[in-house]
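Below: one structure, written as structure tokens.
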Amino acid sequence: MARSVVVALLVLLSLSGLEAIQHAPKIQVYSRHPAENGKPNFLNCYVSGFHPSDIEVDLLKNGKKIEKVEHSDLSFSKDWSFYLLYYTEFTPNEKDEYACRVSHVTFPTPKTVKWDRTM
């Protein structure tokens, strides 16, 4: 019985140590298809490699939050870091600017990454 108590304590200690590890998210913003003005497309924001899992992701049009956004389920990699995909349908043009804003404990303020239509 003493052995099982020791094993249980070691497991709890190792799990509590996971919460202390923090990794900043990598943010990638891209369209599903090459951008063509006036042609419907999908804007994607792929956020990966972050820990802990608490995160807030917003897609922006001209600095304002886009309301109709969908996302994948929160998933994790082999290294226990997390990843998510946020996406929305949009129609690019010359005047509108699109971006992805991410809030995470590893950032002192939210980080915004602009969509580069040439990518």
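Even glycines carry a Cβ here, placed using N, Cα and C.
Features of the protein shown, as given by Swiss-Prot:
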SIGNAL    1-20  signal peptide
DOMAIN    25-114  domain 'Ig-like C1-type'
DISULFID  CYS45-CYS100  disulfide bond
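Residue counts for the domain 'Ig-like C1-type' (25-114) by DSSP state, with H, G and I taken as helix and E and B as strand, are 0 helix, 50 strand, 40 coil. The Cβ neighbour count for CYS100 (disulfide bond), using a 10 Å radius over every protein chain in view, is 23. The average per-residue pLDDT of the prediction over the domain 'Ig-like C1-type' (25-114) is 96, rounded to a whole number.
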